């Protein structure tokens with residue numbers, strides 16, 4: 001495919017973003033109609049409007065503070081034109097989702113720790129972004145340093161969950177099956193936080209990609225929580241919808257061509273929020289399935305490195321499984337336009353969510 005052909009992908013970034021928002025809102029309204037109240041649509045709309053407004057006010061401020069993204073030289077050369085686009089947009093959107101989500105069921109004790117761990121990962125990502133900006137190079141915290149801080153925040157959340165009996169000891173699977181894991185939930189929970197937050201971080205490489213995929217998965221988790229027996233779990237479902245709304249409001253500023261990037265500030269917080277909601281609601285299986293695209297992005301990096309090292313010769317050169325990792329760059333270098341990659345990945349995530357809803361535990 002030539003560059004000219006790649007640009008023929010129909011529609012604009014705004015049109016596709018509005019279409020995704022309309023589709024997600026319709027799904028929430030259908031769920032609300034079945035449950036008898038605006039348990040998903042209201043927090044989705046409130047957080048979305050608040051996030052859009054805060055970003056509309058805050059993005060020019062980020063630009064004035066010269067908080068422009070430093071683009072790594074190893075990435076696609078077409079991305080060099082994005083250099084200088086304001087980053088750390090997570091500072092604007094994440095608090096919007098947390099605040100609105102906390103108002104869904106103020107008396108539910110689970111919402112505060114979810115909000116705190118989400119904000120903690122936002123701060124970790126913010127430190128990473130800030131160090132990258134001050135050094136004027138796309139490297140912030142050391143990988144070990146970042147992982148240690150993430151593990152500390154996740155560990156404190158898991159400790160709270162364990163002390164309050166809020167952490168499952170058996171994983172709910174489709175068709176009523178349960179997988180007893182006992183104390184293994186502790187290392188598994190830690191792994192979920194680290195893997196999910198870094199998966200969302202890797203996915204945040206194209207305009208609107210992570211924001212759209214993250215919102216889709218968050219709403220998917222919320223919908224399956226409402227479909228469960230005994231009235232579902234409206235508190236966590238509404239919280240997830242609020243967070244999804246915050247990322248959708250941000251998406252209107254982050255869609256191609258992006259006015260702002262969420263940075264690690266937003267992507268790490270997204271992974272933490274997904275992990276916390278999934279763990280407290282025993283939705284690890286739905287998260288694995290619905291977030292399959294996030295998993296694919298992570299695996300693409302792992303496999304790329306493994307193949308290169310396994311085939312590396314004396315000259316230091318090895319073979320590559322993909323043109324470039326993560327996976328979205330592989331399609332970019334294959335001639336796909338950025339918008340085509342993003343919309344296609346959104347579509348895959350929507351299909352995975354639909355499959356996950358069929359297989360609700």
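Glycine too: its Cβ is placed from the backbone N, Cα and C atoms.
Record features, source Swiss-Prot:
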TRANSMEM  10-30  transmembrane segment
TRANSMEM  40-60  transmembrane segment
TRANSMEM  84-104  transmembrane segment
TRANSMEM  107-127  transmembrane segment
TRANSMEM  147-167  transmembrane segment
TRANSMEM  175-195  transmembrane segment
TRANSMEM  206-226  transmembrane segment
TRANSMEM  232-252  transmembrane segment
TRANSMEM  260-280  transmembrane segment
TRANSMEM  288-308  transmembrane segment
TRANSMEM  341-361  transmembrane segment
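Scored by C-beta pairs under 8 angstroms, the transmembrane segment (206-226) has its highest count with 288-308, from the stretches 40-60, 107-127, 147-167, 175-195, 288-308. Pairs of Cβ atoms less than 8 Å apart link the transmembrane segment (40-60) most often to 232-252, out of 175-195, 232-252, 260-280, 288-308, 341-361.
The largest share of C-beta pairs under 8 angstroms with the transmembrane segment (175-195) comes from 260-280, of the ranges 107-127, 232-252, 260-280, 288-308, 341-361.
Take the transmembrane segment (260-280) and the stretches 107-127, 147-167, 232-252, 288-308, 341-361: counting Cβ pairs under 8 Å, 107-127 has the most. The stretch from 147-167, 232-252, 288-308, 341-361 that makes the most Cβ contacts under 8 Å with the transmembrane segment (84-104) is 232-252. Ranked by Cβ pairs under 8 Å to the transmembrane segment (10-30), the stretches 147-167, 232-252, 288-308, 341-361 are led by 232-252.
The transmembrane segment (288-308) is not in contact with the transmembrane segment (232-252), judged by fewer than 3 CB-CB distances under 8 Å for residue pairs 6 or more apart in sequence. Distant neighbours of the transmembrane segment (341-361): 9, 11, 16, 20, 23, 172-174, 176, 206-209, 212-213, 216-217, 219-220, 223-224, 227-228, 256, 282-283, 285-286, 289-293, 328, 331-332; these residues of the same chain sit at least 6 beyond its ends, with a Cβ under 8 Å from one of its Cβ atoms.
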